[in-house]
Amino acid sequence: SFEGRVEVYHDGKWGTICDDQWDDRDAEVVCRQLGLSGTPKALSWAHYGQGSGPILLDEVQCSGNELSLDQCKKSDWGQQNCDHIEDAGVSCDPFTGTDVRLCQSDVVEGTVRLAGGRSPSEGRVEVYYNGDWGTVCDDGWTDLAAQVVCRQLGFR
């Protein structure tokens with residue numbers, strides 16, 4: 001519900017956006033336009049699958065302050081040089097927090113989320129670092145470390 005391929009409606013048709021120039025500032029505008037307040041992340045190369053139908057926008061370049069994609073610098077509607085393998089995606093992850101240090105050996109810094117659980121308050125601990133999400137090894141994992149993660153995510 002907070003991530004996927006970005007599609008726009010124009011001139012009676014739904015279509016995709018090419019990922020040329022697509023970055024986190026564009027994702028920020030998409031998240032804002034959708035009313036989502038999570039951490040914006042732009043994804044390229046049809047990360048969420050290839051769309052069908054027309055590719056409606058290309059060369060989108062938002063400053064990040066716009067209220068909608070229509071206010072961003074972009075190609076004219078329908079003017080593009082892409083294939084669906086370049087469909088743009090966005091994640092507006094509501095489960096991210098701020099930087100936290102989880103371990104003292106092999107210090108891992110980054111944003112924390114829970115994945116694969118039955119509810120937002122449980123799951124596998126994942127950390128965002130250097131542009132990728134990764135898991136945390138359970139070597140030396142304690143209740144105290146779990147408490148830190150829970151507190152980081154705003155749980156008691």
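Glycine is treated like the rest: Cβ placed from N, Cα and C.
Bear in mind that TrEMBL entries carry predicted annotations, made automatically and left uncurated.
The disulfide bond recorded by TrEMBL for C18 joins it to C82 [selected from C62, C72, C82].
If you go by TrEMBL, C31 shares a disulfide bond with C92, out of C92, C103, C137. Neighbour density around each Cβ, counted as other Cβ atoms within 10 Å, peaks among the disulfide-bonded residues C62, C72 at C62. Here C92 (disulfide bond) comes close to F2, E3, A27, V30, C31, L34, L36, S37, G38, T39, P40, K41: these same-chain residues lie at least six apart in sequence, with C-beta atoms under 8 angstroms from its C-beta.
Long-range Cβ contacts of C18 (disulfide bond) within its own chain (separation 6+, distance under 8 Å): I55, L57, D58, E59, Q80, N81, C82, E86, D87, A88.
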